[in-house]
Ligand code: M6R
């Protein structure tokens with residue numbers, strides 16, 4: 001899961017390649033590189049680490065050339081060093097790649113036998129040498145690529161340059177996304193429309209198996225059979241403005257604070273505020289009465305949003321929900337009933353496992369509905385129905401505002417399902433919609449707990465392990481809290497259903513372990529509190545998150561109580577997510593980790 005870009009320009013391209021890579025850094029930031037054609041040879045600049053290192057290098061050693069490719073890397077094969085950074089090149093050809101070439105060992109051995117010398121440990125370098133071998137056998141660049149592609153097993157998006165070919169670039173995709181951008185007398189390749197936004201808004205999305213031959217004035221797309229394929233040019237609505245941090249230290253902080261506004265925007269898209277009813281922006285191409293079962297599939301935080309929604313669909317619409325981690329969904333051969341509904345949740349809309357699960361569900365004859373934040377993404381384009389979250393660009397690797405907006409859409413959908421199935425009366429719907437309309441105000445109130453949370457974070461920052469407990473919808477929120485903390489602070493954290501603690505994890509509890517108990521005053525409150533007392537009895541340092549009545553009842557057993565506003569019980573996770581996010585944020589920020597780009601991670605995970 002890397003970002004790639006290519007420019008066939010009318011002027012120097014180095015700076016524009018770097019500008020596009022800035023928009024692709026969410027795909028990986030282990031290393032970055034660019035390559036251009038200079039006279040009769042290919043020149044590269046590459047640097048380990050963040051893009052700013054490459055920028056410094058290019059500033060010291062400028063790169064001319066009107067045609068070039070660029071790459072930002074999330075390491076899969078080989079350490080994140082400079083020599084493993086893309087582009088990978090021979091004398092004749094340079095390649096940037098997103099994906100994994102699964103048969104690279106065999107190809108490498110074969111190419112070595114024929115004299116190829118490898119300079120990196122990457123799978124990508126075989127692509128450069130393979131194409132090079134065909135070029136050396138007298139093939140044209142186009143024929144060399146055509147002969148090479150069928151030999152690559154795995155997933156790839158490629159942008160390829162050829163020595164001496166100043167009006168040629170070739171792109172190919174299988175599994176990983178790739179788009180062509182059409183400029184005025186210029187042509188571009190990019191992993192997505194976001195990378196190309198400052199260059200053009202005229203985009204052709206390549207389909208799986210396509211490859212394309214570009215020159216400055218036109219692009220010819222071929223399908224897997226090598227037949228010329230007609231692919232539409234669409235106008236992208238992606239903004240070219242690079243989002244900034246405003247006055248915040250980190251994007252994550254900014255995104256946490258944007259939640260009242262973006263939740264409000266998303267809500268306004270899914271409910272009719274004046275009539276206090278659910279109003280989905282489009283008619284659904286299926287009838288909830290004919291659905292026997294919903295399967296929800298996603299990864300990471302999006303998966304926890306799905307887990308919370310399972311409680312809502314089951315309770316409000318009496319629809320059984322099966323929940324899957326996307327990387328497992330298509331491999332476990334679960335029986336599926338044609339005509340049932342499969343829901344996919346993804347901020348980026350590019351997560352490889354979620355996309356593969358979507359394609360699998362389609363092949364099984366299920367209705368597919370996706371909840372995505374990036375409207376131009378592959379998942380959005382390939383889903384039967386798309387419900388957009390209006391969270392705006394989420395830059396911090398830790399998902400915050402996308403999560404709460406996903407919950408809003410899922411809540412509206414669950415109410416719509418309950419209504420359609422006759423499980424909710426009109427007055428139930430009004431009550432639930434009123435509760436949803438209250439949420440932006442409640443989230444604002446929850447944000448007021450920040451100074452207290454900042455102080456508590458000092459303690460958490462000294463811990464080795466942290467536990468999160470909750471029951472009902474607070475259980476998946478506990479899982480989300482633990483994920484949030486560990487991904488940005490690198491402190492080990494685990495979330496549990498509060499009732500499950502005594503079946504093993506309670507052995508971890510001692511005076512050094514903070515235990516975050518998420519306990520809104522709902523019908524499970526007393527039970528959660530009993531579990532909390534089991535922890536207190538063993539010396540655990542409890543941080544209780546509840547409302548004023550909960551606090552009045554039990555806060556003496558807690559080291560600290562974060563008091564949230566009183567609210568109805570159904571949608572508490574949307575509001576209780578706020579202290580959970582703030583706790584992770586302030587802990588990591590105190591520890592001085594790279595909050596927005598934590599180690600080993602990427603915002604968009606486009607490999608399996
Ligand atoms: O773009 P997606 O929503 O499909 O991404 C799914 C996960 O990779 C993502 O939620 C990840 O777990 C976040 N880093 C969590 O904060």
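Placed from the backbone N, Cα and C atoms, the Cβ positions cover glycine too.
What TrEMBL lists as domain 'Glutamine amidotransferase type-2' is 2-217. Per-residue confidence over the domain 'Glutamine amidotransferase type-2' (2-217) averages out at a pLDDT of 94.
Residue 2 (active site, nucleophile) falls outside any helix or strand according to DSSP and counts as coil. Among the features that TrEMBL reports, active site, nucleophile is placed at 2.
Sorting each residue of the domain 'SIS' (284-423) by its DSSP state yields 62 helix, 26 strand, 52 coil. Summarising the annotation, TrEMBL assigns domain 'SIS' to 284-423 (among others).
Residues annotated as domain 'SIS' in TrEMBL: 456-598 (among others).
In three-state terms derived from DSSP, residue 603 (active site, for Fru-6P isomerization activity) belongs to neither a helical nor a strand segment and is classed as coil. Take the CB of residue 603 (active site, for Fru-6P isomerization activity) and look out to 10 A: across all protein chains shown you find 23 other CB atoms. Feature annotation from TrEMBL assigns active site, for Fru-6P isomerization activity to 603.
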Going by DSSP assignments with H, G and I as helix and E and B as strand, what are the residue counts for the domain 'SIS' (456-598)? 74 helix, 29 strand, 40 coil
Quick one: give me the count of other CB atoms within 10 A of the CB of residue 2 (active site, nucleophile). 29
Just the number: how many Å between the Cα atoms of residue 603 (active site, for Fru-6P isomerization activity) and residue 2 (active site, nucleophile)? 10
